[in-house]
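Annotated features, as they stand in Swiss-Prot:
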{"type": "ACT_SITE", "residues": "Ser340", "note": "active site, proton acceptor"}
{"type": "ACT_SITE", "residues": "His434", "note": "active site, proton donor"}
{"type": "REGION", "residues": "51-201", "note": "region 'Alpha-helical domain'"}
{"type": "REGION", "residues": "202-504", "note": "region 'Catalytic domain'"}
{"type": "SITE", "residues": "Lys222", "note": "site 'Essential for catalytic activity'"}
{"type": "TRANSIT", "residues": "1-50", "note": "transit peptide"}
Amino acid sequence: MRGLRRGLSRLGPRLGPWAVPRSLRRVLRAAGPWRGQSSAGSVSERGGASMEEVLSRSVPLLPPYETKEKAPPPAERRSAEFVRYYRGLEAGSRRAELLGCLARDFGADHGRVAEFSAKVLQAREQEREQGALLQAEDRVRYYLTPRYRALFQHLGRLEGGLRFLVELRGDLVEGLAAKAVDGPHVKEMSGVLKNMLSEWFSTGFLNLERVTWQSPCEVLQKISDSEAVHPVRNWVDLKRRVGPYRRCYFFSHCAIPGEPLIILHVALTSDISSSIQSIVKDVESLETEDAEKITTAIFYSISLAQQGLQGVELGNHLIKRVVKELQKDLPQIEAFSSLSPIPGFTKWLVGLLSSQTKELGRNELFTESERQEISEITEDSTTETLKKLLTNSEWVKSEKLVKALHSPLMRLCAWYLYGEKHRGYALNPVANFHLQNGAELWRINWMGDTSPRGIAASCGMMVNYRYFLEDTASNSAAYLGTKHIKASEQVLSFVSQFQQNSKL
């Protein structure tokens, strides 16, 4: 393992961002050597087995259907050999090659699938007894199972195996995103492993843990490293985020104790916050909290700490568990809400301005009076000037521009969250997450995030998704079933203004 760490540190600058994924770095720090592996050695390609040999030995053959219940499990040493070999490969191209080979050459037996699919059709046409039809269907299901699934299944039962599978899927996810590994077989394997991890990481196996300043340093460091929404600036900032009027929780797994899987930060306030700076920046540090002042819980950051668990439903369960925990500890809390970023809004808006200018020769997202007011301030009426304005943060330094852009950007943002869809659901991923959970699209906040990052991503706007606990189940069912978005009067008013004033 030390050799692997040294190799990764040397290779990192040369192989680029996929070389040492953040999820892998965390696993390497915490995992230690694999059982049966000395800290100095792993199977390498120099003088060792070839990739094809390792895969052939490690991936068990699918036994005949008739003997599937009697087939012995694969030898533990073969699975351990696979782990050692994988961890000994260069992160990046060589791992991508192995994953591609595993997905392509050790998948389902398509010949058998075709054979027994034909028998299912034959049984239906001949109207044979129900038992024969069900058995034929069962054979199809059996041969649809990819061979690599048995390897994953066995690895999941070994000590340290679940941690390794999360690491491997993290490499798959990051490799697919970087196009380092691609193709339908690889995407299918990533999906198969995701479904297996969803079962292993179901709520019954998860522990809810609260982070305080007295938590182990390793945990505090992981909380800081994993913060993806509002980066932690220093230890003072971190201490504030786990101190009075703040809560930080994470899920861990019984097989990977103490390792954060997904993290939720909560601010305890007297009202529904409209600005993230009031929560994470320049906040007076208090030694104690007055419970009587707390009436509201604000979920202001939720971050997945393990890339390999992407797509596994953890966030909704974490919020529900935290709500129950807060209700038990602080029963006076009346309101639960998020204070969420709006990633992608600026990019969407600039793209829309470009397409309108190209198709219509003019910008019709803003009213004539709004265009006139902005052109008087900028001394330029072209759409290109407006696009440049929105893609840098200089405009927020002008009070006149901030005032002039307030109304058009608020209604455009409302439409982006409420009206822009992907397959019928909200295009914005954060909106889709909270709406699936049953929250209400409640309030859009002008200048809710005045950091450079917030200005660049969403023109400084943030949004509250309210969790009315008595309505979350029905809201979620309506959104998932009929794609209906529950929204407040404020949001619907802005949407109506957009439909009246803007042309798409």
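Using the three backbone atoms N, Cα and C, a Cβ is placed for every residue, glycine included.
The least crowded of the recorded positions Lys222, His434, judged by other CB atoms within 10 A of its own CB, is Lys222. Summarising the environment of Ser340 (active site, proton acceptor), the number of other Cβ atoms within 10 Å of its Cβ, over all protein chains shown, is 27. A separation of roughly 25 Å, to the nearest angstrom, links the Cα atoms of the residue listed as 'active site, proton donor' and Lys222 (site 'Essential for catalytic activity'). Across the region 'Alpha-helical domain' (51-201), mean pLDDT in this model comes to 92. The two recorded residues Lys222 (site 'Essential for catalytic activity') and Ser340 (active site, proton acceptor) have their Cα atoms spaced 22 Å from each other. DSSP assigns Ser340 (active site, proton acceptor) to a strand.
Taken residue by residue with DSSP, Lys222 (site 'Essential for catalytic activity') is part of a helix.
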